[in-house]
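Notes for the one structure printed next.
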2 protein chains.
Amino acid sequence: MMMRKLTASLLSVGVMFMSVHAFAANEPIQPIKPVKPENAAMVELGKMLFFDTRLSKSGFISCNSCHNLSMGGTDNLKTSIGHKWQQGPINAPTVLNASMNLAQFWDGRAKDLKEQAGGPIANPGEMAFAHDKVVAMLNTIPQYKDQFKKAFNSDKIDIDGVTTAIAAFEETLVTPGSRFDKWLEGDKEALTKAESDGYALFKSAGCTKCHNGPAVGGNSFEKMGVYKPYETESPAIGRMDVTGKEEDRFVFKVPTLRNVELTYPYFHDGGASTLEEAVDIMGRLQVNREFNKEEIANIVAFLKTLTGKQPDFKLPILPPSTNETHRYEPFD
Amino acid sequence: MMMRKLTASLLSVGVMFMSVHAFAANEPIQPIKPVKPENAAMVELGKMLFFDTRLSKSGFISCNSCHNLSMGGTDNLKTSIGHKWQQGPINAPTVLNASMNLAQFWDGRAKDLKEQAGGPIANPGEMAFAHDKVVAMLNTIPQYKDQFKKAFNSDKIDIDGVTTAIAAFEETLVTPGSRFDKWLEGDKEALTKAESDGYALFKSAGCTKCHNGPAVGGNSFEKMGVYKPYETESPAIGRMDVTGKEEDRFVFKVPTLRNVELTYPYFHDGGASTLEEAVDIMGRLQVNREFNKEEIANIVAFLKTLTGKQPDFKLPILPPSTNETHRYEPFD
């Protein structure tokens with residue numbers, strides 16, 4: 001009797017387990033897996049650097065200024081504010097789940113997070129500093145020297161180490177545990193009817209052609225404005241800037257839709273301020289479909305189930321400058 | 001025998017206890033006591049508001065931008081960067097231990113943290129927003145409404161609640177546990193000889209006339225430039241701006257020296273970039289004494305023992321805006 005019960009319950013667990021896996025495997029979107037960092041000291045170093053305003057010419061702007069981890073890894077502005085309040089050319093993409101992107105920046109000009117991290121530091125319109133000055137700064141701060149030693153087992157600090165550490169930290173910024181992932185993993189109660197209807201429509205309308213995989217995007221370049229041109233004042237031409245090919249004009253990396261409720265405004269120019277607007281425009285331009293109000297509401301309801309576990313760590317405390325450290329003069 | 005041993009050890013504990021207390025009581029500086037917040041929901045709300053860039057006109061500047069809790073509660077700049085990169089008139093004082101100040105701002109124009117908190121939000125040179133717009137913004141965000149309800153047990157959000165919550169959070173930002181406090185509490189090994197020599201000189205030279213109490217300052221207004229005038233290009237006239245009295249010209253609130261290693265540059269104009277420079281100038285101007293190099297080194301060594309436990313909490317995750325929330329246009 002006992003044996004039979006045990007066998008039966010083992011069997012039912014087995015069936016449940018199989019059905020969950022079979023279920024998720026058939027979907028165009030997969031759950032996000034938590035990340036276990038290999039080198040904790042490097043992640044800690046990267047976190048400090050990510051929050052350190054001394055990586056900018058002014059001493060005021062850090063990576064976190066535009067990829068604010070309190071705000072979905074973005075600045076929630078159409079385009080970002082750079083050195084001396086310069087207007088950035090493009091919407092800051094979220095750093096959350098960015099490790100899953102096939103390349104970095106909207107035009108994919110950096111092959112990975114490490115290559116990306118060096119960009120804004122030296123970009124005159126962003127942090128406006130210089131790689132050698134960052135390295136010189138870090139070399140005057142004993143606590144940073146210790147942390148580099150722990151992370152790299154070497155006494156040398158160079159920009160390669162800086163960007164490697166920032167990338168290692170950013171790789172931890174994945175957001176598992178969303179309601180949609182719970183649903184994918186078999187918890188059918190995790191979504192409301194409107195939300196699952198929204199997902200069904202999201203698939204049937206063809207949105208998952210581009211927005212798929214664990215990041216619900218980030219894994220292809222696509223033209224913005226397939227059926228109708230996208231109206232914008234933004235001069236950004238996308239991937240053509242990288243390849244020089246006319247066919248890549250207005251081709252951009254498909255953004256992740258993970259945490260999209262938090263990453264407003266939308267598109268490369270921040271031109272859509274609400275999810276409803278974004279879904280409406282995407283429908284007409286990308287899949288040649290005019291969603292009605294209820295359809296839009298359902299898709300938006302689905303999109304809001306993609307919000308996962310946000311960054312969960314203590315505010316980093318930065319080591320103080322020493323007498324040898326560069327003093328920042330933001331108004332010079 | 002057992003009884004005698006017990007009595008003896010109880011006695012010795014008693015004597016130790018008395019001696020510690022007697023010792024600290026004789027010193028012009030007292031240890032910082034940890035704070036137990038009464039209303040945890042209000043502190044949590046205040047923390048969110050402190051980090052929320054939506055309290056500024058641009059949507060880019062938060063309280064934490066200039067009172068950066070990763071950097072000793074300051075921005076480590078001579079004077080701060082305000083809306084559209086405006087140059088601030090004065091050095092941002094640390095928010096750490098600011099609850100112990102007799103009044104807020106360098107000129108003491110706000111009587112407490114709550115009154116202070118409303119200032120920068122509406123100051124056109126700082127966050128450049130308006131109190132009613134902040135309240136309207138918060139009222140569009142359900143999670144904020146819930147948090148206000150938890151904190152105040154009321155459905156009303158007003159600017160009074162906003163500043164009360166920010167002040168409640170700031171009151172938690174005390175920094176106990178410094179090496180100097182351990183020494184005050186009886187651990188004679190907590191300071192090196194140079195550090196205790198520095199402290200002895202700090203007292204005998206008269207620095208503790210103004211820099212005393214648990215915050216090592218913050219509890220009086222004093223003239224900057226007693227024996228010799230302070231040379232500066234700053235137009236700030238200090239307390240005279242508040243009282244209108246000529247005798248208050250160049251009278252400023254004495255800053256706390258807690259965590260002074262982290263809060264460079266120094267003085268109301270940020271004119272001294274190192275502690276050595278600051279001690280040298282203070283000696284000549286305030287106590288009519290030219291400290292030699294060793295004396296300065298010892299006082300600086302002592303000052304560095306005043307660094308206490310830094311803010312220790314998780315990065316707050318901010319609730320997202322809704323479709324009804326104001327969209328920020330920092331370049332308008």
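A Cβ is built for glycine as well, from the same backbone N, Cα and C atoms used for every other residue.
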Same-site residue for heme c 2 (record: TrEMBL; known: A:C207, A:C210, A:H211; options: A:M137, A:M224, A:M240, A:M282): A:M282
Cβ neighbour count (within 10 Å, all chains shown) around A:H211 (heme c 2 binding site): 28
Integer Å distance between the CA atoms belonging to A:H67 (heme c 1 binding site) and A:H211 (heme c 2 binding site): 22
A:H83 (heme c 1 binding site): tally of other CB atoms within 10 A of its CB: 19
Distance from A:H67 (heme c 1 binding site) back to A:C207 (heme c 2 binding site), taken between C-alpha atoms, in Å: 26
Average model confidence [pLDDT] within the domain 'Cytochrome c' (A:193-307): 98
Max pairwise CA distance, angstrom, over record-listed heme c 1 binders A:C63, A:C66, A:H67, A:H83: 15
Among A:C63, A:C210 [binding-site residues], residue with fewest other Cβ within 10 Å: A:C210
Max pairwise CA distance, angstrom, over record-listed heme c 2 binders A:C207, A:C210, A:H211, A:M282: 12
